[in-house]
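Annotation source TrEMBL lists region 'Disordered' at 12-67, 753-804, 851-882. Summarising the annotation, TrEMBL assigns compositional bias 'Basic and acidic residues' to 16-26, 771-781. As annotated by TrEMBL, compositional bias 'Low complexity' applies to 33-49. Per TrEMBL, the feature domain 'Ig-like' maps to 174-265, 307-387, 1088-1174, 1307-1393, 1533-1611. Sequence annotations record features per position, and here TrEMBL assigns domain 'Fibronectin type-III' to 401-496, 528-622, 629-722, 885-983, 990-1089.
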């Protein structure tokens, strides 16, 4: 095949240009004739160079028609290697001589032409004549060529016609025209494998990686498959190391299959290998297709160490199969944080053993250590806890060293140092802490504070700009100083902006724009500082922060800080000697309890500027309170050396760091710390306890303000193993850094491994600055406090946190961001976070700058109106990232020169509120888009915008960017192309901005905004459509049949678990308009932790709506709405928010407040709820409010009376709540009762139960009983009237209960006599007895007569039984059982007469009916029989036969009966009139039971045919010839006697009679007379018997229905022979 002609055109039936019209051929001929070149060797050369072969054959061989040898004329058809015509070649003429010698028909013609040419050249010297001659010759030659082309075309079409008629000749197996080739690429590059495949029918192409089918849907964004024009390609996006593999492409059709192979090798740049990944392998290792099994053995256990010691943790790792030089990925984690090699941690892998060495233990090293070994087939983990106790103090009683020293808010002049308090205070409370600093590169430590600070945070001042420092902290009590803590990480004293620039400069080709500060102007006094505020205030210091002024003047700007005591106008400069260089300052030596205002001035060489706006008055004191003591502590047995301790968390604790747990052996009064590093959560496993000892535990909380009081001591617990072995190594679901391994075992931050099914985030074509990402990831990792934190249990449950699968969690995203530096995870943080739960997503500061603009787009500067966006005044959060792109751009209205666009909010908002959107547009001309232009300079807050100044009838595309405090996100994908033309339709445009709220398992609320384009008339209603997400377009259906005028609608009756989409249509008088954009698919499910709005009325009668959100983020806000419009007017309602709870308090609840209230929480996964305050609900709340204003003691139950054992009467009520001062008065008929012999009172103030007991009731107790309650000003009472029949009934019940009590002192019936019918239709009479002994007798009676004990009586497990096997009418009667012994007698009676016996038999009949078999059809000689079997038949059973739902009237032809357990219906001599539905109905006194059968159609035909056959057989049997009897078997007779035998003969028709002797026929004669008289009697007579008459005689009767015979033997004897010998 030629390389220049595409394979898909080679066999194209129209590729040959011969299909053109005659006019086209004529034009082509004229074009060819105008050429100046010949088609000789140069033509062939030209054609060959283009990949075409010029055929030398033609359809008509001229040389065979003439005897004179002629030169073969070349043809100008272009053919391929298979001689298939694919085109033709236009001849090119080079000159007149070449033409003259190349195209004459014969040799004579050439000579003739040559002579003519020479003559003309001699005769005509004019160039014009020569040109004319050449033109004529060319026309003749081209005419001949065109004729040959036309003839060959006809031949080719003829061949193609027969090919099409025979399709099999075209079918052929797949063939790779171009095979995929192998590639070696760098990480993060994209690679494409492509091939060209032919075959008919079209082959099916499948791609494989290491013989595993590649599924693009399983890895969205990773793989992209394309197939166009038999060219197939596989594109692998952003290759990583795991993409190194062998790839196979397989093509298959009905004729066969063929495969081709290619390999991809992914390399890393030198120096970019992540230390957490396995080292590069030395030599080839063929691990593809191998399933590794990993086992961790020889494990380290719970370990204990002391500060300053060295500890090694190690495990042996067995990997099967063992491959030479194969190294798995070995990682170590502490409390979920990945550890990297440092001076504190040394990691080693020896080939089969992983070791972690902690070189110098500190309390920071305490925690849960996890070893993770990862192979391509998955991973295995093992975890154990490491405890680190304090080093021995230099002075007895000195406290332990502080821990976890960190540096925050580093600036030019100061750095804030934080730490955590130690668990051990040495027996004396810690007085405070000293902070030391040391310049990096020296060993000189300087104490930073003269007096100890109690707050675990301190601003260090007096630093030299540009130098780096490390810090440590020491604790002090009255006994002495502790050891210093572990030193912090080095930090530089410089401006944060300078630090950001030092993280790494961008490469010049990235196109990044770095905005620097403007050049200072000369000799200008700087302006006022901006946004001065107090960022932190304690009793020791106050920290101020501000922004530099807009006009900075000359040189560098410095600052003076001034303070003013509240109530005075005297401003004092704080730093009079040395101005401050950075816009941060810490003030000391302020008077505790006083209030101050502050302001700042800028200064430079030109002078001191005006002061800033003063701050609000700030009172000096600790704003952070010490947390309250934890609640109840509960210890639980775990192992023989550990105990699980759980406790109630401290209430209202702010900035909680964690908890310390202490344990003590009971009686020792010596408390030892169980942990030396604060733990989060409310459970912890205390290890290292003494087996068999009894311990008590206590807990205290810690935050920066200090340690709380200890909780109450727990109950004692003995240290012994719990059943089941306990929880290993402190792995608890709720644990945080103290023992959290859940993230490691439940969430794997890798995107590789056989067990993982994570979908890669989609590619948004963003570019990430490598150097910037590396620096941010390192700094973010240093600031991260929890790494892989445990997800919320409710969230874990909703997202399916299971082993072997990955559920997206916020901390997983952080881990993914950290790994993106080394693992080349190409997708931006925006796409990663798009998979997160927006209610819990939190992204570290290393991700803020991950999203860069496209190279061709400059960064957009934007400003947002502060009055419209409250968030602009807030400082930028370190956890914020720019939002993902919006999507779903649509046109909402269009006029001649403007278009209104709408779009959908991004899936990921970046952890901060979106403060605006920017719209770009570009014109599209003839399908070619132009340059982008900005539509708005100032951000728009709505998701709709009018783009003006467009051109009418022009086409445009649009893109939208979202912005938050972190920056402007990347643009959306360009929209569809829209035509700018004015809408003139009468119906309205589409609604827009559809939002879904309050998603529950069976309902949700849909919100929308009205269409921008109203149409000819105003909009008067909306329709909502719904369909399942996966359903086709035809599945759209309406939700509401009547248009709703509201802008919201609650969709109900959803199917739980189903995913739906919605759209909205608006209508006006002209009709229904366009549909809105379809919403995102939403599953109908109630997410775990979903809360509803709760109405509360406080003690003052104030009504409020309360809503709680469990999955809030720091940026989440509660938005309250009425009728889904945000409440901004606060005259009738006040909003109060605290933590994750918000309440809307009504000022004065009234009719104006009736409506639908809702609350929505931003930055969550849609947490929202609503509450409908109707008129009825309003009245109810007003009643409750009134009750709260005028309190009464609420009662859970009113005064009631109940009967107790022995006839004791209990009067009681229960109050909802009463204090310890509450009291009760007991009143009877207006008389106060008191405790005594008759009345006994009890008041349980814990439960609110008030009781009064009376042993019995007498007629004097008839009256009104009242309990009067009083608790402070609240009162209540409850009365019970016991008079008349009510009292008599109660007194009777009391006497009965008293008698019952005495009855139960002897043998008695627990359950009285009753009956039970067994499935075998046996009736069992039974009763349950109690308090029996050996001497107790049980006697059975029926109708007063004792039933003797036999096999029917039984007694087992306290139950007496009497079995009646086949019950009948005679078993009716009164049954009685009597129990008696020396303690008493008890009797139980069961009446089984009349109705009682009828009910019993109905139950028996029910069992019989249920045991019946389906009604069946059979045939007899008399007709058709319907029958059913029952397990037991009783003569009293009533059945009814039905024909066509009517009872059958029985006759001689239709009869019913019973044979054994068979019930039948006989239809004699059936006809077609008997066809139909038959049923038998069993009557059981209730609904009855029917069995039916259809006697019609084939069933009737078969039964009727069988009846005819049986009937004929019966007739034949009845009428056949028979010998009825009369003949003996043997006849012995004396010689000479006469023999006469007679037998009866029957048969119809009359049978023929034949007599045989010794099987030979005999006839009648005088000696042997044979007669057949009256057709009934056959006689056999011998007049005088002779010896010759002995023998065997046979009578044979025969008619058309059959034959029958009878035999007898005649023996004749002579009497005078001795002994009477027989002959």
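Glycine is no exception: its Cβ is also placed from the backbone N, Cα and C atoms.
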Which whole-number mean pLDDT does the model give the domain 'Fibronectin type-III' (401-496)?
89
Taking the domain 'Fibronectin type-III' (885-983) as the first stretch and the domain 'Fibronectin type-III' (990-1089) as the second, find out whether 3 or more Cβ pairs fall under 8 Å, excluding pairs closer than 6 in sequence.
yes
Secondary structure split (DSSP) over the domain 'Fibronectin type-III' (528-622) reads 0 helix, 43 strand, 52 coil
In the domain 'Ig-like' (174-265), how many residues does DSSP put in helix, strand and coil?
3 helix, 58 strand, 31 coil
Which numbers of helix, strand and coil residues does DSSP report for the domain 'Fibronectin type-III' (629-722)?
0 helix, 44 strand, 50 coil
Quick check on the domain 'Ig-like' (1533-1611): DSSP residue counts for helix, strand, coil, in that order please.
3 helix, 50 strand, 26 coil
Residues in the domain 'Fibronectin type-III' (401-496) grouped by DSSP into helix, strand and remaining coil
1 helix, 42 strand, 53 coil
